[in-house]
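First up is the structure itself, then whatever we jot down about it.
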Amino acid sequence: MLGLVLYYFAGFATVGITTLFFRWYPVLRLKLTHRRCKYFDQADSVLVDNIENGWSVEEMLSIDLDQAIMTDLMSASTPHRQDDLHSLDSYHDSEPILMSRRNDSVKPPVSLKYFSHRMVRYVLDKQSGEFNRMSGLSSDDFETLPEHVTRGLDASTHARRIAIFGPNQIDVQVKSYVRLLFEEVLNPFYIFQLFSVLVWIGIAYYYYAACIIVVSGVSIAISLVETKTNQRNLRNMALFHEKLTVVRNGSTFEVPSDDLAPGDLLVIPAEGLVLSCDAVLLSGKCIVNESMLTGESVPVTKSPLPLQDEELRPPKYNPDGDKKHTLYCGTRVIQTRQPAGSRVLAMVVRTGFYTAKGFLIRSILYPKPSKFRFYSEAMRFVLFLFLLAMAGFAYSLVVFVNRHIGPADAILKALDLITVVVPPALPAAMTIGTVFAIARLKKGLVYCISPPRVNVCGKIKMMCFDKTGTLTEDGLDVWGFVPITSEKTHDPVPDLSTLPLDRGLYALATCHSLTTVNNEMIGDPVDLKMFLATKWLLEEPGEETERYDSMMPTLVRPAGTVSSTMKPTADNYLSSSPHEIGIVRQFHFSSHLQRMSVIVNHLEQREMAVYVKGSPEMLRELCNPASIPADYNEKLSAYTHQGYRVLAIGYRSLPKYNWLKAQRVTREEVESDLTMLGLLIMQNRLKPETTPVIDQLLDANIRCAMVTGDNPLTAVSVARECHLINNDSIVFLGDLSQGRVFWSHLDDPTWQLDPATLVPFRTVDPFAESQTSSHGARVASPFEMNFTPRSKVNASSYARMTDEAGKATCPPYTLAITGKAFEVLKKNYSDNFLRLLVRGVVFARMSPEHKTQLVESLQDIGYVVGFCGDGANDCGALKAGHIGVSLSEAEASVAAPFTYRRQTIECIPFVIREGRGALMTSFSMFKFMALYSFIQFTTVLILRYIGSNLGDQQYLYFDLFMILILAVVMGRTGPAEKLGVLRPPGSLISPTIMSSLCLHIILVVVVQASAYIWLQHQSWFVPVVVPNNVANEVDCTENTLLFYISAFQYLITAVVFSIGAPFRKSMFTNYWFMAALSMILFVTLYLTINPPSWAASDSFLQLLPLPTSARVAVAVFDSAHLVIAYALELFLATVAAKRVFRVILRKKRHRNRYKHIAKHMMDDYTAAAAAHGAVRSESRL
């Protein structure tokens, strides 16, 4: 209570200043006005730690609910413990939340306590003292799924769930102009502007104050319009209303989309719709376009979730894991397929901001911080300027007091110095480069939805690329089919249509997920190429919207035959197909399982079978060993080494299966004990732009890696072809076998990899204990990582390689690894995992989760990581990276901060160049604005020392005519045409930035002080005499000379900080800047050489006439300043400068962990090589 009284009293006593301060720091206000509680259920406010975004305060709310539905809230949510959330003050409510939902006895309502944070509700479980993040339906809801399909929700359950989860809306608030104006003007930047204007009015700088008011008003108006436009655009993208058909309590109703609740039974119309919720498909099939969420332009087919398995158990369902059964909010259902007379039904699992689209909208509203220190360090420098201004304020106050100036005038005029030192336009000026960079990116078809990421692009140290569709062509060409029998692997058959009519051809014609929409075949590009190569026909009998017949939804048959479902005629009777096959059920491709399969019905034989297509490694495990020939590994290795994409085909006959059993069986039961049929060989050609782009990045010292779900040997071959791996580099592949990671060579059998250090060594006898790896490579005694200690590798086994100085050097080598081995290393061998991150180039058989983990792990060791992919399976990695570039036809996909509308990686150097240019522009603008303040600060200090100051119109000339114009056009300079080896600094406190700023400040002070001292020694000079009661005498020689000196210093500073190389183009290519510079230079020279009447002492600028010697002195001082400053800035931009700073600062340790790891690996190799040299010396003795 006392804190609350103090809060209001302080606000009243300081005329709202403390209230404004507490608005900027709400945590302090909360701690002053509330007391901390011991338990959450006693709180009415919660202090939430956002980890990277600081603290926020949320209000605790409550809803009275029946106990019967409380489990709906808790079962599928993530707990947040009291350690992470801090509750403060309020009432006590000891009613516990009972978790039982099946207790039918009548109980009084309980109070559900929750708070909303970033559009998501967090519910308090009073028994555990934890907050549970609300999500959607729990697994318990699927236990009664068969009954629910016929009845849907009842009215009372629907009403309760609406109360709990809220309406089904992704409603982005569009604030009124009044509220936006209120929030804008209370920004610290505009508060400081207001303070400055009041000070200027107080000291009679009316013209300047009026101009600043106009400029700030225009700036605020532009900001308000832009903010409101962005909010409207986001709201229009997020908010969606339409009428939907639902089943409730056994009856069909038409309701608005806002009225949907988790558990509602949704009827999908035949013509399709845009989903306004996340729903699990329960009956029928849907063909869905998910490009808005994933960037994937190929429509996907969604199949229904089985209501029961073979043992009549309820299904296990996860909306994020079971994507093939889930319809996501924001995606468009193009067409539905259902049995004749039936409906396509889906059950709502998540609504509003809990949906996939809601998550993406929240990621736009509350973006993840980029961990880029530039802006925070800039604000710290502003704080330093403020402290310097306070020192100047104290100095001015002493001067004014000594000159017997009245207290009010003295304080006001001293406060003016604060407005001089702290440039109010600094935050806006630092974003100018980013604004122009985004405009240039858009012209290049690169769309950015996260402007702060542009500067981050300039610090990229590593780029990760998906392979298929990113580095290589999206569409594969069929190279051939390699039949396999238990005896041998046969020669390839280039034309699939010439294969005999047996199991191999049947598998190629049926094992896919193709369908037709408007008589056009759609589906996965690999499936499409494979099927077209067989020259078979695909038919889906009946109307398009009814192609879900429970017996044969899809039929395939050889070309030139007639389907048996057609009525025989005299013309087609003899050509009806005895090889017609009906596809009864599909198990869609899973990146985790690395396979897909279909259960088919051979109509002529009336026999069912399962055909499986997947990675050769996975099929080898699923097939009966007796069906795999002895040369399987050798042949597979040969094809993958040539860069072909290889898929294995297997089958199993299902003689005792009928349609009902086929619908209930799990894929694990049928995808076992298979017979190997052969290998499908596909050509995956590189895109023509890939290799030149990779070369550019490597030449710029940007590390590149391939992250793919493809075969590791194929990936290594493609990596060599596009120069990710050098031709002279030794490649070691890590794979998992019997739960252990094995490292095998892929090139030179005389080299092995020490599994304890992941550094190579050469064996004395390369083939002494050789064996063949699982990939067909010859391995010299591979070590089992689980058991091999470091001491097992004898020092004499290391080949000594030296450089010209005789120092041991490590041979060029590269690591490749599979997803399973990656997971084992990450979980159990942290040291080796870190070494893998430093040396790994190819990461194969990686699931989407593995890709995300890789990007995050690389970030943890200091890499600034970018990821480029097609947006389908790469969404997690695209969002996890410092920058993510999605190759998508969508104008701006929410899957990544950057979207390129062409399907090539040629945009990557462009994006990085723009990032480097924008970052250097931000640094230059920062230095320009800071030096502008110091130039003016130095001038004012000297003039105040003698009782003078700059005039109102002189301030206007500097700030509006010179600085404002230059600041706007300086940022238009484009990026360098080519990526260089150097990267711009990422910190304001880096040696090059701070030394540049400090040296230029010293130079400014020296030039102005020298000019003032020179003036004192001139015979014609008459010092100004200022009466004691006068604060500022503008009309004096000192003022005029320093006006000319400082005016040219502003121009010199603008020129010096516009030096382009090595990250930007020449300033001469910035025509707007050159025009503005020329105009300002001409006017300033005109004022100096031949002052017009409006510049005289009794006119606008209040300048006195100077003798020719003074004008010559101005030219000499400023020319010297220009030469020294330009040379200084050119030197600081060179590699030599970095070396000098490294010596001066005695920098011995690297800041980034990955450099430490690389050094340790080199030390391990050097130590072993040195030991090998000692062994050889002893042997000679």
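Including glycine, each Cβ sits where the backbone N, Cα and C put it.
Listed in TrEMBL for this protein:
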TRANSMEM  6-25  transmembrane segment
DOMAIN    141-205  domain 'Cation-transporting P-type ATPase N-terminal'
TRANSMEM  185-201  transmembrane segment
TRANSMEM  207-225  transmembrane segment
TRANSMEM  381-405  transmembrane segment
TRANSMEM  417-439  transmembrane segment
TRANSMEM  929-947  transmembrane segment
TRANSMEM  953-971  transmembrane segment
TRANSMEM  992-1015  transmembrane segment
TRANSMEM  1041-1059  transmembrane segment
TRANSMEM  1071-1089  transmembrane segment
TRANSMEM  1123-1145  transmembrane segment
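The DSSP breakdown of the domain 'Cation-transporting P-type ATPase N-terminal' (141-205) into helical (H, G, I), extended (E, B) and coil residues amounts to 44 helix, 1 strand, 20 coil. Of the ranges 6-25, 929-947, 992-1015, the one with the most Cβ pairs under 8 Å to the transmembrane segment (417-439) is 929-947. Here the transmembrane segment (207-225) does not touch the transmembrane segment (6-25). Their Cβ atoms form fewer than 3 pairs under 8 Å, with each pair 6 or more residues apart. Within its own chain, the transmembrane segment (185-201) is flanked in space by residues 20, 23-24, 208-209, 212-213, 216, 220, 412, 415-416, 418-419, 422, 424, 427-428, which lie at least six positions past its ends and keep a Cβ under 8 Å from the stretch.
Among the stretches 929-947, 953-971, 992-1015, 1071-1089, the one making the largest number of Cβ pairs under 8 Å with the transmembrane segment (381-405) is 929-947. Beyond its flanks by at least six residues, the transmembrane segment (929-947) meets 381, 385, 388-389, 392, 395-396, 399, 403, 417, 420-423, 425-426, 429-430, 958, 963, 967, 997, 1000-1001, 1004-1005, 1008-1009, 1012, 1023-1024, 1026, 1030-1033, 1036, 1038-1039, 1042-1043, 1046, 1049-1050, 1053, 1057 of its own chain at Cβ-Cβ distances under 8 Å.
Tertiary neighbourhood of the transmembrane segment (1071-1089): same-chain residues 961-962, 965-966, 969-970, 972-973, 1044, 1047-1048, 1051, 1054-1055, 1058, 1095, 1101, 1103, 1111, 1114, selected by CB-CB distance under 8 Å and a gap of 6+ residues from either end.
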